[in-house]
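Asker: One structure, as structure tokens, below. Some questions next.
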Amino acid sequence: MSREQQAVARARKAFETGRSKPLEYRICQLKNLQRLFTERQKEIVDAIKKDLNKSEQGAQLYETLGLEGEIGLALRKLKEWAAPRSVEKNLLTLSDTVYIQPEPLGVVLIIGAWNYPWAVTIQPLVGAIAAGNAAVVKPSEVCVHTAKVMEDLLPLYIDKELYPVVTGGVTETQELLRQRFDHIFYTGNSTVGKIIMEAAAKNLTPVTLELGGKSPCYIDKNCDISIACRRVTWGKYTNCGQTCIAPDYILCEPSIQDRVIEEVKKSIKEFYTDNPKTCPDYGRIINQHHFKRVMKLLSDSTIAAGGQNDESDCYIAPTVLRDVKPEANVMQEEIFGPVLPILTVSGLDEAIKFINKREKPLALYVFSPDEKLINKVRDETSSGGMVANDCLVHFSISSLPFGGVGNSGMGSYHGKFSFDQLSHMRSCLIKQLKMEGVNSMRYPPHTNNFNTPWHE
């Protein structure tokens, strides 16, 4: 048996003992996971620094703080989430007990991404543990140092048979996908998402796909452009633009394009100084392969700000492109880097048409003081999530489901949504062996059968 087969077999054997099901055991595992982030903060932060050049504060803000909040919520709410859920009855079942019982699916495969390697790998694991599942954790091999720390630390804190960590690249992932799982949770791009879904189909395995896409950002000429651009700059260049819900491009009227560029430049300087390369809060592209990919996207567009780069350091300065054409290279794929194209449109109607011609994005942003305009964008477009007058922050709210639609993914998670996504909602009806007179109306013969006690 391969290492991957062994990990899955051990996880299934452990699940079949039933030890992951009692709420006390789930709570214990979640508390242990919570302890990991308290006791091993330095190892976690150091690895993220090596992989993505995130500062200690940045790693805490965008990775571990959210996870600690997610674990805390699961600990507080688990008994409520796992309790039977009563439902409405019909006439035939008035005297019966009818309810939904959440139960574990079994063995879940969690394939994480490299851009926020702890947040997007461990958040689904919190849901899997809370729901009583076993879970095989596959961190992204692109984040070499973080994957190693995860492999070393997780088995020290949580049940290593129920929740094994499997590291490796494409070959190891392919081997994992050949195994049978009860659910697969994947975070990444739509190309790999299709491969995951195809592999899952062979075993009729349900999937949650957290993908991405080109998240548009419409800036209304009547809004406070200075504040709008400050928030867009933060959302775009955080983690060096390597965020699945980063504003991918701006749509605005030609009359405000120059002002938008100036305000974005001003915010870049405020956040990252005159020389972002030396700023501890400015990250790096994950590797040279992605550096070359992002640089290639710039080839046929006009740079309005930034553009400086250093391949040896995987550094690309915060960059703004102006007068970008829809057919430009940068508009053909999700950028996933610190490049912000600006496309001009005649107004809101053209912006909505532009958005709707393309694949449904993971997030959609609109900046405007006009509630009617915001509602129009909401009602006439489709996206995984929509935020007005800010960027990214919806990810931080556990009471909102986080997920895509269409090409940006399927299924959602965070908080109770993670628990529900990784549970089977089992329909239960408990009837007593009496009151047969009431029940007799459903028995044959049905023709002219109107003299039953039910009808009398």
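Backbone N, Cα and C define each Cβ position, glycine as well.
TrEMBL labels come from automatic prediction, so no person has curated them.
Feature list, courtesy of TrEMBL:
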type	residues	note
DOMAIN	5-426	domain 'Aldehyde dehydrogenase'
ACT_SITE	GLU210	active site
ACT_SITE	CYS244	active site
Asker: Sorry to bug you, but what's the C-alpha spacing from CYS244 (active site) to GLU210 (active site), rounded to the closest Å?
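Answerer: Pair distance, Cα basis, whole Å: 9 Å.
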Asker: For CYS244 (active site), what is the tally of other C-beta atoms lying within 10 angstroms of its C-beta?
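Answerer: Excluding its own Cβ, the number within 10 Å is 27.
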Asker: Could you give the mean pLDDT over the domain 'Aldehyde dehydrogenase' (5-426), rounded to a whole number?
Answerer: 96
Asker: Would you count the other C-beta atoms found within 10 angstroms of the C-beta of GLU210 (active site) for me?
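Answerer: Other Cβ atoms within 10 Å of GLU210 (active site): 26.
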